[in-house]
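Per Swiss-Prot, ATP binding site is recorded for 30-37, 149-152, VAL178, 186-189, and the stated evidence type is sequence analysis. Taken from Swiss-Prot, the feature active site, proton donor covers HIS37. According to Swiss-Prot, the (R)-pantoate binding site annotation covers GLN61, GLN155. What Swiss-Prot lists as beta-alanine binding site is GLN61.
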Amino acid sequence: MNTVKTVRELRAAVARARGEGKRIGFVPTMGNLHSGHAALVTKAAQRADFVVASIFVNPLQFGANEDLDKYPRTLAADQERLLQAGCNLLFAPAVEEMYPDGMSVQTRVSVPQLSEGLCGASRPGHFEGVATVVSKLFNMVQPDLAVFGEKDFQQLAVIRAMVRDLNMPIQIIGEPTVRADDGLALSSRNGYLTPEQRTAAPALYRTLQHIAAGIGRGQRDFAALVAEGQAQLSAAGFRPDYLEVRHAVSLRPALIDDRDLVVIAAAYLGNTRLIDNLYLHLEEKTA
């Protein structure tokens with residue numbers, strides 16, 4: 001696996017692979033990789049002949065009081081994990097390579113509606129930063145397909161909409177969330193948790209399961225289910241940011257006749273903000 005740091009080197013390497021008739025897969029990351037990221041690369045390797053991954057901690061998607069400076073940078077370990085997962089090329093640019101004229105004059109990509117609410121409410125500008133950097137990376141790599149984790153459910157919806165609306169010829173593949181044995185979704189931010197917080201953390205997924213089970217039994221008072229869930233989270237030591245039942249495609253608030261739903265949440269455990277979601281498809285209407 002080669003590692004390149006400039007757009008020129010990246011494009012030359014991808015052009016060679018494409019010249020050999022290879023299908024290009026792409027996995028953008030911010031590094032500090034875990035088994036969830038490895039699953040994305042493995043999926044890309046199954047669907048493509050040449051896999052490009054990127055590691056770039058994107059300042060444009062971090063708010064003023066967020067963890068940009070303390071976000072872990074673990075390049076050597078990340079390179080080994082990518083190699084084991086089947087990555088062929090790593091693009092690891094500096095901020096100056098991605099934003100040569102500075103971020104203040106950078107053209108932005110904004111996906112309305114889907115970027116609003118949920119994580120967009122508590123992290124204003126976040127999804128504009130995500131859409132902008134992913135759009136730039138897509139133009140740099142020009143992949144046939146790209147793989148994103150379903151744990152970042154709203155992000156995946158934003159990327160799908162951007163690709164559709166801007167007519168990008170890229171297949172977007174969602175990969176199911178990878179979880180620890182106790183149900184906690186794998187996340188780079190789990191490393192911020194104290195041992196006690198790590199023990200409490202699986203309550204987030206259990207709460208989503210509780211709400212989904214109620215819906216599966218035919219309960220349609222979503223507000224009551226959410227209130228129960230918020231009480232569960234608070235009892236487990238969380239400070240809920242949001243906990244909602246939404247339509248899984250449009251992300252609007254769920255209606256009682258919707259068949260495709262997502263129970264989606266963000267909550268703080270100490271100073272660490274965890275997110276998770278649970279998709280459910282209802283086969284038939286419940287009276």
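Even glycines carry a Cβ here, placed using N, Cα and C.
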Candidate nearest SER188 (ATP binding site) in space, where candidates are the recorded positions HIS37, GLN61, GLN155 and distance is Cα-Cα: HIS37
Residue with minimal Cβ packing [other Cβ atoms within 10 Å] among the binding-site residues GLN61, GLN155, SER188: SER188
Nonlocal neighbours by CB distance (under 8 Å) for HIS37 (active site, proton donor), same chain, sequence gap 6 or more: VAL27, THR29, ARG81, ALA85, GLY149
Rounded Cα separation (Å) that holds between VAL178 (ATP binding site) and GLN155 ((R)-pantoate binding site): 16
Cβ neighbour count within 10 Å of VAL178 (ATP binding site): 18
Integer Å distance between the CA atoms belonging to GLN61 ((R)-pantoate binding site) and GLY36 (ATP binding site): 21
Reduced DSSP assignment, GLN155 ((R)-pantoate binding site): helix
